[in-house]
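If you check TrEMBL, you get these features:
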type: BINDING; residues: Arg130, His160, Gln169; note: ATP binding site
type: BINDING; residues: Asn159; note: substrate binding site
Amino acid sequence: MAWKFLIASEEKQIMLLMSNRLGADICAVLRLSGPLKEQYAQEHGLSFQRLLDASSYKETHRRDMIRWGEEKRQADVGCFCRKVVEGISQPVWLVSDTRRVSDVQWFQEAYGAVTRTVRVVASEQSRRQRGWVFTPGVDDAESECGLDHLGGFDWVIENHGDEQQLQEQLGKLLGFIYSRL
């Protein structure tokens with residue numbers, strides 16, 4: 001039975017740490033934003049690879065891409081969720097870019113009891129220290145903070161810059177994952 005861990009975070013550090021510890025044969029990191037950006041790039045004649053990074057190129061298209069993605073989700077709430085899981089064979093899935101209640105609900109309905117939710121939180125100060133800059137109308141939209149008021153996460157990982165605390169939290173989560181394999 002494959003476990004699904006919905007990671008409500010954009011923090012690549014967490015994904016990298018977990019996937020490195022679990023290994024590629026056990027763990028697949030699935031970015032919900034991947035299929036969205038790929039389809040958006042195709043339909044708008046843009047570079048998919050450049051939309052994946054944190055460049056000014058992506059920022060130039062970000063608002064319209066968010067609007068476009070919302071329209072797609074309104075027509076079919078699971079359109080990007082279904083696409084991201086196609087052909088994945090590893091027993092553990094780390095689904096990043098999970099930012100909307102509808103994303104969480106889709107995985108819980110599709111995969112039931114093997115789905116676990118993990119919320120990664122970081123203070124604004126620690127996020128700024130890592131280079132984050134607030135963009136009004138974008139960083140306060142559902143596409144970025146749709147889960148801010150959702151409770152009931154199975155795990156909450158705090159990433160405020162204390163490396164030892166982060167490693168302890170991840171160790172407990174990884175212990176749980178290994179106990180289910």
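Every residue, even glycine, has its Cβ placed from backbone N, Cα and C.
Keep in mind that TrEMBL annotations are predicted by a computer and have not been checked by a curator.
Source: prediction; values computed, not measured.
Cα spacing between the residue listed as 'substrate binding site' and Gln169 (ATP binding site): 9 Å, rounded to the nearest whole number.
All chains included, 13 other C-beta atoms sit within 10 angstroms of the C-beta of His160 (ATP binding site). Sequence-distant neighbours of Gln169 (ATP binding site): residues of the same chain at least 6 apart with a C-beta under 8 Å from its C-beta are Ile157, Glu158. Other Cβ atoms within 10 Å of the Cβ of Asn159 (substrate binding site), summed over all protein chains shown, number 21.
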